[in-house]
Amino acid sequence: MKTAHIDKDNGLTGSQSKHRYTVPIIRCGQPEDKAVYRRMLLALEAASQVTIVCGAGISTSAGIPDFRSADGLYSRARSEMRGELRGSEMFDAQVFRDPQKLIAYGRAMGRLRTTSRNATPTPCHDYIATLHGLGRLLRCYTQNIDGLQTRGRPHLAEVVLELHGNIQRLRCNRCSQSPDECEQELDNSLIVDGYVHCNKCQQRGKAGSNGNWDLRPIPPGLLLPQVLHNEGSWEPQSNGMSLDELERADGLASLLLVVGTSIKTDGAARLVKSLAKRVHAGGGVVVYIDRAPLPDRKWGDFFDLQLQTEIDSWARDASGCLNALDERGDVKKAVTQVLQALRDRDIKQPRKSNTSLSSITSFPAACDSHLVSVTPTPSKTTDLIILVCHSGAAPFLARAVAIQLIGLGRTCGWKCHGYIVVLSGSEDDLRSVPAQKNYYLIVVHISDYLFRLRGPWRPIEPGQRVQELLQKLVCAMRALSQQGNGRLLLLICAEDELLDRDDTAHLQELFEQQSTFDSMITSLNMSHFKIHGWARFALDVALSRSQTHSDLVSHIAARWMDNIELYETADLVLFSRAQRATMFLASCFVDRPLGKPLPRIDTTCPCQPDTLTTNEKQWQVHHNAVNGCAARDVRMMAQCSACQQSWSLATTHLLGTVLCVGGNFCLRLELDRESGWV
């Protein structure tokens, strides 16, 4: 990892060479850069406005060749065209003046059109689309001619500028009209013959044959892809704005990403330099992402950072970080902090071979005065040790959680000691925590799963399964937990495995075999991560369990259902050594009977209410659920508010027991190792 110099006043600068700055590189394939790569991902996702310049590298995994690599389009031209057309002539306007080269060009374009049309958009294309869907993409300048970015996504056309055209668009070089024929048939003709005549030109002379006039026949033109050639005149525009106007608008971004391009063409280089200067002038950050490092040191004046990585891998990771938090921040400050932390670490803690990276940060005594809690004050001042753990990918989020826990704990009378731990699974992770006695231990682990909230489903990554995390935490916390009066583990984790009987039974068995934690509570069905809600819940559980020996299950359920922030955004699974694993599912029988919304009332009930006297009709749900009754015995009825017609809702298939606290309902299910959740 090459590090940058961090100027105290100006932020990022490069490592200065004789003439240029060397851009710091994070090589994502190297184990020693893994933690800083994850931190950098979150730092970059702090950007609220993003401009992207991308090249052929984002499409190669879809089977579309780039231009200049060993297996690129230019190299293939030498073998596939048998000397008829050199790679450097592929987009040279001179090919149209040589019949043999024109035919070779047409065949190459036919093959490339077919390949592009059959290709599937890559994770990078999906990432760009997700940015636009979140309202954070100012513009995507693409040098690609494959049309993959906007295919099937017409709404992206307004923010995607195809600098070099789109090979999927054919136009006659004589009449300038587009063809109506089947694209596959056109491509077959191109591949076989090397050219296709314009049918509309041929029909021109026949247009007036049944009238009083005839048009003079003209030779038919050729259908050619609408792509830029090196002698062509092309002025890209979007929404009526010229390229200069677009650069001024898109240079206001807080983050400029240059992805999958070698920036060797003059046009691309000029565009990147112009945007980079504008983004820097506005206090933003410019990042280069590709499998290979920047090709020329001259770029050190324009880039703050380069990520050397497989683009698909980066795009998946970056997509997983999107929307992890609702608030956005200062991306330049975040990037500067990560690079500064890396530089300090390299100076103070040199890497040793065969050792895992771990660090602990202790928080100062001061707490935020605005933090409040409804948690009762403990009868005696008790030490509370708070450990917030993560894999190295969530330093800012971990700090926010720790600050919230410490602030709430101190307002309730606890003497709090807070630490952030990058978890490796070794007892050395806690080497900086001083030995203490008579304390309560709260451990919160934020798994990488959290950064995939609201994103598409993806398999659980190695090292992030609940069982693996539990084993690491037990090993790391074993010695520290021995002197504690209570030990609670909150695991914000990947959830799919918690629904499987065998996986959960194995997890329960592992928990019963360890003695580090008294109880473990995991998230389930989480829609948002509410830091204050989780912090208050942890302290409520810790305080009450340190003073009472009431039924653990009822106690946890009551604390959760009384915490609206948590109850409305996450379900829970409880593990303890004395009881079976227990699942708590929020059940709002009025809004979501049977665990899901009712169908649209206007498609179910045919009545037509008088709009002058009756409000818009809606469902009214009635039920007889009470605390302690079996879910299958609950009787529910949905009634139309306008005509009073009713429908009975079947509940005999529901599992578990109904719990009720303060008007909130939930279903409590226990794990049977033979039958699953019951």
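Using the three backbone atoms N, Cα and C, a Cβ is placed for every residue, glycine included.
Features of the protein shown, as given by TrEMBL:
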DOMAIN    28-350  domain 'Deacetylase sirtuin-type'
ACT_SITE  H164  active site, proton acceptor
BINDING   C175, C182, C198, C201  Zn(2+) binding site
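For C175 (Zn(2+) binding site), the Cβ neighbour count at a 10 Å cut-off comes to 14, with all displayed protein chains included. It is 26 Å from the Cα atom of C201 (Zn(2+) binding site) to that of the residue listed as 'active site, proton acceptor'.
Around the Cβ of H164 (active site, proton acceptor), a 10 Å sphere holds 21 further Cβ atoms from the protein chains shown. A coil conformation is recorded for C175 (Zn(2+) binding site) in the three-state DSSP classification, outside any helix or strand.
Across the residues of the domain 'Deacetylase sirtuin-type' (28-350), the predicted structure has a mean pLDDT of 80.
Around the Cβ of C201 (Zn(2+) binding site), the number of neighbouring Cβ atoms within 10 Å comes to 20.
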